[in-house]
Amino acid sequence: MISSQAFINISFFQPQSFLMIGIPGLEAVHGWISIPFSFMYTVALTGNCLILLAVRRTHSLHQPMYYFLSMLALSDVGLSLSTLPSTLAVLWFDYRFIGFNACLIQMFFLHSFSVLESSVLLAMSFDRFVAISNPLRYASVLTNTVIIRIGVAIVARATLSLFPVPFLLKRLNYCPGKILLSHSFCFHADVMKLACADITVNILYGLYVVLSTVGVDSSLIVMSYSLILYTVMGLASPRERVRTLNTCVSHILAVLVFYIPVIGVSMIHRFGKHLPHIVHALVAYVYLVVPPVLNPIIYSVKSKPIRGAMFRVLRGKDQT
């Protein structure tokens with residue numbers, strides 16, 4: 001007869017690994033699909049690293065706006081590196097397994113860097129608000145000490161918000177036959193659906209994290225730009241209005257590039273269960289891969305100081 005303790009041990013199951021997928025229905029051409037993915041990852045890492053080097057080496061860019069841009073570039077590098085190994089392993093080598101603990105670690109960093117990016121975009125909107133609404137006090141409000149404190153708060157917020165998530169997943173009992181993920185990386189919503197247990201706590205905490213981070217950030221960004229627009233409309237000269245708003249274009253584009261895919265992923269996971277798996281996969285890739293690719297392009301095109309500094313880094317010239 002099996003003891004009750006033994007029964008408990010047998011009834012609790014966690015898989016050694018999960019099975020990832022690339023782009024459903026296009027497995028035969030994964031080798032070809034890996035080419036644009038490799039190109040996008042290369043552009044993302046190269047572009048964001050160039051921004052970091054340009055700001056670090058150019059003394060004229062040692063200003064609050066460019067410090068926040070460096071934080072954005074750093075979060076983009078982290079977001080790219082979070083998904084690059086498993087995505088390219090699936091597309092290049094058809095290696096589809098990821099260990100249970102490795103999956104939880106990847107998920108923690110993936111979501112943490114997403115929260116970091118959202119928080120940095122909020123900090124950048126505050127920077128634009130101060131610069132436009134109270135330009136004379138800009139340097140005294142956003143001192144180096146204040147920027148460091150904002151950076152520490154951003155990292156602490158992301159870490160503390162996501163730290164419980166792997167442990168909430170690790171406590172669950174999983175179904176022995178359910179190990180197939182919907183992507184080539186680990187999403188929280190994707191992993192918890194594989195559990196054969198009550199996931200109410202996971203759902204509620206996941207919703208709390210989304211609302212308290214991305215939800216709050218997006219609302220405050222909208223509020224910041226409402227106040228910016230109110231200030232700009234008070235300017236007498238139409239030309240001055242356009243010039244002032246033009247300083248916000250890069251940030252507005254970065255906000256749209258990040259938040260539109262975030263909304264898309266959230267809507268698909270909650271209301272798009274009937275959609276083909278390829279739609280889920282493509283929206284997730286847009287959310288994770290496209291913003292790190294486009295942000296360096298946006299800022300290098302719209303910001304002449306950043307563009308010039310990046311070119312000087314590439315040429316190996318001394319910075320000023």
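Note that Cβ sites are derived from N, Cα and C of the backbone, with glycine treated the same way.
Taken from TrEMBL, the feature domain 'G-protein coupled receptors family 1 profile' applies to 47-299.
The transmembrane segment annotation in TrEMBL covers 7-26 (among others).
Counting same-chain residues at least six beyond the ends of the transmembrane segment (32-55), those with a Cβ under 8 angstroms from any Cβ of the stretch are 22-23, 26, 61-62, 66-67, 69-70, 73-74, 76-77, 80-81, 84, 87-88, 91-92, 289-290, 292-293, 295-297, 299-300, 306, 309-310, 312-314, 319. Positions annotated as transmembrane segment by TrEMBL: 32-55 (among others).
What TrEMBL lists as transmembrane segment is 67-93 (among others).
Taken from TrEMBL, the feature transmembrane segment covers 105-126 (among others). Non-local neighbours of the transmembrane segment (105-126) in the same chain are 65, 68-69, 71-72, 75-76, 78-79, 82-83, 86, 98, 150, 154-155, 157-159, 161-163, 165-166, 169, 185-188, 191, 209, 213-214, 217-218, 220-221, 224-225, 251, 254-255, 258-259, 262, 288, 291; each lies 6+ residues outside the stretch with a CB under 8 Å from one of its CB atoms.
The transmembrane segment feature in TrEMBL is assigned to 138-160 (among others).
Annotation source TrEMBL lists transmembrane segment at 218-236 (among others).
Here TrEMBL flags 248-272 (among others) as transmembrane segment.
Packing against the transmembrane segment (278-301) from elsewhere in the chain are residues 21-26, 37, 40-41, 43-45, 47-48, 50-51, 69, 72-73, 76-77, 79-80, 82-83, 110, 117, 182-183, 185, 187, 250, 253-254, 257-258, 261-262, 264-265, 268-269, 272, 307, 310: each is 6 or more residues past its ends and has a CB under 8 Å from a CB in it. Per TrEMBL, transmembrane segment is recorded for 278-301 (among others).
Beyond its flanks by at least six residues, the transmembrane segment (67-93) meets 20-22, 30-31, 33-34, 37-38, 41, 44-45, 48-49, 51-52, 55-56, 106, 109-110, 112-114, 116-117, 120-121, 123-124, 127, 147, 151, 154, 184-186, 254, 288-289, 291-292, 295-296, 299, 306 of its own chain at Cβ-Cβ distances under 8 Å.
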